[in-house]
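Data first, discussion second: the structure below is written as structure tokens.
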């Protein structure tokens, strides 16, 4: 792994951890109630952080290893972009016409053996069609911007690494 690619992955790891902490702070400090799609995006942020950590621990030595790392990091980020885009579409619908976004994660994972440990991460009962704003911008837009930045950064670093 070239120094540039490694630095970029370290940066993505740090930003991902901060984004995950920010999502928890928005819920537990600011009192925002996340919906099912918000929690799905939070899990994609956590998966992105875990993927960057795995790539950093594996230390691929060849360009093909860097390619694997870029693809591995991009998978949860692209998933997060698609979830954010779906939530933005739901929020663009006229009030009362948006479909339900599904059962809460706490209901879905209740029988899971690690539920008690993981429950604070997936707790939330907000409405997916009701937008919450941060600095005047809807939260799914911030989420999509973060995921897009992850994808662009990892592929830029891979392309520049020679």
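Note that Cβ sites are derived from N, Cα and C of the backbone, with glycine treated the same way.
The topological domain 'Cytoplasmic' annotation in Swiss-Prot covers 1-8 (among others). For the topological domain 'Cytoplasmic' (1-8), same-chain residues at least 6 beyond its ends with a Cβ under 8 Å from one of its own Cβ atoms are 56, 59-61, 65-66, 69, 153-154, 156-158, 160-162.
Per Swiss-Prot, transmembrane segment is recorded for 9-25 (among others).
Under the heading topological domain 'Periplasmic', Swiss-Prot lists 26-43 (among others), citing sequence analysis as support.
In the three-state DSSP scheme, residue 35 (disulfide bond) falls into the coil class. As annotated by Swiss-Prot, disulfide bond applies to 35-38 (among others).
Feature annotation from Swiss-Prot assigns transmembrane segment to 44-60 (among others). Under 8 Å from some Cβ of the transmembrane segment (44-60) lie the Cβ atoms of residues 1, 6, 9-10, 12-13, 16-17, 19-20, 23, 66, 68-69, 72-73, 75-77, 79-80, 83, 121, 143, 146-147, 150, all in the same chain and six or more residues away from its ends.
Residue counts for the topological domain 'Cytoplasmic' (61-67) under DSSP (helix as H, G, I; strand as E, B; rest coil) come to 5 helix, 0 strand, 2 coil. Residues or ranges marked as topological domain 'Cytoplasmic' in Swiss-Prot (evidence: sequence analysis): 61-67 (among others).
For the transmembrane segment (68-85), the list of distant contacts is 1, 5, 9, 12, 37, 40-41, 44-45, 47-48, 51-52, 54-55, 58, 60, 140-141, 143-144, 146-148, 150-151, 154-155, 157-158: same-chain residues at least six beyond its ends, Cβ to Cβ under 8 Å. Taken from Swiss-Prot, the feature transmembrane segment covers 68-85 (among others).
If you look up Swiss-Prot, you'll see 86-141 (among others) marked as topological domain 'Periplasmic'.
Annotated disulfide bond per Swiss-Prot: 101-128 (among others), in sequence order, evidence recorded as sequence analysis.
Under the heading transmembrane segment, Swiss-Prot lists 142-160 (among others), citing sequence analysis as support. Remote same-chain residues near the transmembrane segment (142-160) are listed as 4-5, 7-9, 11-12, 15-16, 19, 41, 44-45, 48, 66-67, 69-70, 73-74, 77-78, 80-81, 83-85, 88, 134 (criterion: CB distance under 8 Å, separation of at least six residues from the stretch ends).
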Counts of helix, strand and coil residues, the topological domain 'Cytoplasmic' (1-8), according to DSSP: 6 helix, 0 strand, 2 coil
